[in-house]
Structures are given as C-alpha cells and as structure tokens.
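What Swiss-Prot annotates here:
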type	residues	note
TRANSMEM	3-23	transmembrane segment
TRANSMEM	62-82	transmembrane segment
TRANSMEM	132-152	transmembrane segment
TRANSMEM	179-199	transmembrane segment
TRANSMEM	283-303	transmembrane segment
TRANSMEM	314-334	transmembrane segment
TRANSMEM	367-387	transmembrane segment
TRANSMEM	397-417	transmembrane segment
TRANSMEM	419-439	transmembrane segment
TRANSMEM	459-479	transmembrane segment
TRANSMEM	523-543	transmembrane segment
TRANSMEM	564-584	transmembrane segment
Amino acid sequence: MTASAWGLLALFLSVLGLLAWPLGRGLAAVCDGRLPGWMHRAEAPLYRLAGVRPEAGMHWRHYALALLAFNALGVFAVYALQRLQGVLPLNPQGLPAVAGDSAFNTAVSFVSNTNWQGYAGESTMGYLVQMLGLSVQNFLSAATGIAVAFALARGFAARGGDGAGHVGNFWADIVRITAWVLVPLSFVLAVFLAGQGVIQNFTAYQDVATVEATVYQDPQSDAQGQPLKDASGNPLTREVRTRTQTLPMGPVASQEAIKMLGTNGGGFFNANSAHPYENPTPLTNLAQMLAIFLVPAALCFAFGRVVGDWRQGVAILAAMTLMFVVAVVAVTAAEQAGNPALSALGADPVASALQAGGNMEGKEVRFGISASALFAAVTTAASCGAVNAMHDSFTPLGGMVPMVLMQLGEVVFGGAGSGLYGMLVFAILAVFIAGLMIGRTPEYLGKKIEVREMKLTSVAILVTPLLVLVGTAVAVLAPAGQAGIANPGAHGFSEVLYALTSAANNNGSAFAGLSANTPFYNVLLALAMWFGRFGVIVPVLAIAGSLAAKKRLPPGPGTMPTHGPLFVALLVFTVLLVGLLNYVPSLALGPVVEHLVLQAR
C-alpha cells in the first residue's frame, strides 16, 4: 500500500469513530424509547391512525409476522409501481412498464435491502418509481434491519425472566427509526451532496453535441436478453458512431443519501457511484463511504449501552474493524500490484508522482486505486453494494476480497442492523465453543446459551451458504444460466458465484460481466435475496425471544469475559472458520485458479 492509501484509511476510521459514538447514544435512546416529549407527541397521531399501542410489547412470533407482512406488502407495492410505470406521471422520457420478471426481481431486491440491479436505472425507471417505490424501500428496509438488531439487543438486556419473551413493538420501532434516525441523517447528507454537485431535479434528459465523434462497440443480444456469441464463443458486437450524448437527469441527491446511510446501494444510474452525477468529487466519495459504515458502527456503541456495558459494543466493533483493515490492505495491495499480463508487455505498474500505477482498468481517475479499493472493501464489508469502480475489472485476488467479505455473512460492519445481529449470532457461537472447551454451560451477557439457541444459531449461519452454493450449482448446470456467462473459464464461474453471494447475503454489487437481466437469473436471484434476508431474520428474532424469556444472571468467577482482546480474537477466529470454510472449494475453482493462470502467462 502507498502512503496515500494508509493515510486515507486512517482518516476514514478516525472520522467514522468520531461520528459513530454520538449517534450510538441516540440509537440507544430510540431503542429504549427514551425520547423527548415532543417526539412522543409527534408520533401519537400515527399510532392512533394505525390502531397501534407503542408501549405494548410483542412476542417474537408476532414481531416476526408483522415484519414479514409489512415487507411482503412492500414487494407488492414496488412491483405494481413498476408494472404501471407507463401510465404514471413524473416520467419525462416516457419509459414503458418494466417487464414482469425484472419488476419482481427489483421489488424483492429493494425490500430485502439488497438493491441488486439487473437493469440500467436511467433507461428503465421513471422519477416517480425511483422516489415512491425504490427510495421509500431504501428507508423501510434499513429500518427493518435496525429493528431486528434492537429486538436482539432487548433480548440480551431483558432481566425479568417472566417467560413472556417480548422483544419490543415492530410498528413503533419502524416509525421511530425512520422518523428520528434515517430521515434526519438523510436530509443532512442530501443537502451536502447537492452542494458538492450531485444533481437534484425533475427535468427531462438533455441531448448535447460532443466535441468529436465517439465510436464504441455495442454488445448484441437476442429477444430474451441473452448475449449473442460467434462460433468461437466470443460476444458479438456492432460498431456504433455518434456525435451526440444524452445526459440523464433526476432527483439523485435525495436518493443517494439514503442509498448510503441505509446500506442499500442501488444506484440512480447504471454506473452507480462511479457516475459523476452521483459521486462527483473525492470529498463526496469519502462522505459516501462514511455514510455506509455510520449506522453499523453506531449500532455497536448503542448495543453496549442497551445491555448496560459499553465495553461489549466496543469489543464487537473491534472485531469488525480488525477484519476490515486486513481486507482493505489485501484488496489495495492486489490492485496496486497491477496486471502481470500488462507488465509482461512493458507496462510499469509502480506508483509514482506521474502515475497511479497498478490496475486502473474499471476505475475512475478522479478516485484512483486507493479510494476505489477502499470503497470496494467498505461496500462489501457492509451489505451496501454501491460501487465507484467495476469489481469485474479487479485483479483475481483483488476481486476475491470483496467476495470473501460478503461470504463471511456480511458481519464485518454489515448492513444497517443486519451487521450487528449477524455478528451477535457468531458471538453466541463463539461463547458456545469456549464453553465446550472449559466444560461449562456457556453464557453471554448473563443469558445461558442452551440447545434452543444453538439450533437457531446454526440455522441463521447456514442459510446463506446453502443458498449461495446450491444457487451457483443450479446456475452453472442449467442451460439458461450458462447462456448468461459472457466470459469463459474461471472468471465466468467467479461471476456466477459473485452474483449468488451478493444476492443471498443482501449486498447487491456484481461482477457486471454476467447477463443477469433474464427470467432465469431474475427469479433465481430474487429467491436467494428473499430467503437470504428473512431466512436469517426469523431465527434471529426467535433467539431474541428465547433470551428475553430468561433471567439475566450476574457474572460469576467462571464467567468468560466478553469484552477483552481474548474474546475479540475468539470471535474473529469463529467468523473466519465457520463463515469462510464453506466457500473454500468454490473460491479455489474461481478467483484462485484465475490468479494462478494469470501468473503463469
């Protein structure tokens, strides 16, 4: 890593810590319902209108049912908006209704906080669908994840042991998280982004004349959207020459803010945060990276306050940060080393005062390797999926690092809420392993970890690897899945593995060489996204209910401390061993083989 890369990483982590600590205090207050009187008075009409008693606790089953019903309604709403787009207002380009399979995939994607996009936003979605459908779900899906994290924190903090298993009120949680956390933060960030040059308007697209003609290759596809290939298996293209360019417009800044703060990641434009209208300057790039990690980091501090020991939250955050720093160093080093194939032709990969060096393919020159690699690690450590560079153009090992960060279960900071509850599931497993080693009934934060909790923990951990590996196997075996692979060999397999990894872990980024906007991939990835999201949330809520029903025991002489460096090391080891071991064979077939082949040339 270069000196600038180390400096950027240090600046990023320092500012993140300064911002996350006070936000953690606010999140803890929202979780506990300790809000100023005027906030309660402002909420009251909403609760009366909906017939909700916010002070009434819910059993975990009722909480889960409310959550599932709420998100299922969200899928129907977003799907309907897309299918009716042709007759809706605020569509200055007259974009038609979205195809059924793509609309289904997109609806599930945004409701599940994945924001996988098989479509190009500027040529598919009108302004009303972007605002009323996609942006609204950016708020609500993030609020859902934070609500689940709150429920699990309450399960650990509960002291009564009355057997009721109440974990809070889902409707009150959604209202408070959205109104008092996400909306204010998004407003501030949106104003900042607009001031830096991110566009915010409702005008029609602008056609402008270019200084000189542009010649490019347009990939050809059949009626089903599959890439056409020649006899050698190479994609067919046609040469296009033009002297005009269409500049897309739209209300971007308002959507960009919650896209990052909610760890959603779905771009207004196809190029996502590589587009200058979404992410114009290095300063906005830094702000967007900070926004991605802000809520996940603050939730760690909030968790410590809710359970009554701030050190517990710091230990969780320390484990996340340790793994994140290692990942940043790995991906930056891989990209800075460059492409051996180009080095063999005489290209100089060494960074100097006159060049960035390394592998600049697919990266914006205004960001360079350091900011692009850091952004890639941030967006895949969190379940965000926004990109400011094309991950498909990374070196084999550089592209493997984002994939591994997702395969760990999106617990290295992770998504808004999902990162914390995912890491707490691994913490339960870690104390169980420690209990086996010393022959004691494991405890975590005063709650005994027994058979029921371990069964639910196993389900929560194994859901996503099962979806990823089975889904990848189906895709590479099915003719419809094979047809979408444009790149042959190991990289083509990596593209499929990345897609299923991203979908099942609710990340949303992609190796964009895969033609995924087809009925086969739209349905397959939608199923992976839905069950990857709610197949984990339901067992986590069940764990929360089980813990809430138990008495909280005081620490004894044999209780394992869970706030020191030993526990942090054990937690990191557990995440790496259990979270990553499932994927070693598939990684060996994809990026590892590709790296070895590249080095051998």
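Placement of Cβ uses the backbone N, Cα and C atoms for every residue, glycine included.
Within its own chain, the transmembrane segment (314-334) is flanked in space by residues 1, 5, 9, 13, 296-297, 300-301, 303-304, 369-370, 373-374, 376-377, 381, 394-395, 397-398, 401-402, 404-405, 408, 411-414, 419-420, 423-424, 427, 562-564, 567-568, 571-572, 575-576, which lie at least six positions past its ends and keep a Cβ under 8 Å from the stretch. Cβ atoms under 8 Å from those of the transmembrane segment (523-543) belong to residues 60, 63-64, 67-68, 71, 101, 104-105, 108-109, 112-114, 116, 118, 144, 148, 151-152, 155, 167, 418, 421-422, 425, 428, 453, 456-457, 459-460, 463-464, 467-468, 471, 474-475, 481, 499-500, 503-506, 516 of the same chain, restricted to positions at least 6 beyond its ends. Across 62-82, 132-152, 283-303, 397-417, 564-584, stretch 564-584 shows the highest tally of CB pairs under 8 A with the transmembrane segment (459-479).
The stretches the transmembrane segment (367-387) and the transmembrane segment (62-82) are not in mutual contact, being linked by fewer than three Cβ pairs under 8 Å (pairs 6 or more apart in sequence).
For the transmembrane segment (283-303), same-chain residues at least 6 beyond its ends with a Cβ under 8 Å from one of its own Cβ atoms are 8, 11-12, 15-17, 19-21, 23-28, 31, 142, 146, 149, 153, 181, 185, 189, 192-193, 196-198, 256-257, 260-263, 273, 310, 312-314, 316-317, 320, 367, 371, 374-375, 378-379, 381-382, 384, 386, 388, 413-417, 419-420, 424. The transmembrane segment (419-439) is not in contact with the transmembrane segment (3-23), judged by fewer than 3 CB-CB distances under 8 Å for residue pairs 6 or more apart in sequence. Tertiary neighbourhood of the transmembrane segment (397-417): same-chain residues 113, 142, 144-150, 261-263, 293, 295-297, 299, 320, 323-324, 327, 330-331, 334-335, 359, 373, 376-377, 379-384, 391, 423, 426, 461, 464-465, 468, 494, 497-498, 501-502, 505-507, 509, 511, 575-576, 579-580, 582-583, 587, 590-592, 595, selected by CB-CB distance under 8 Å and a gap of 6+ residues from either end.
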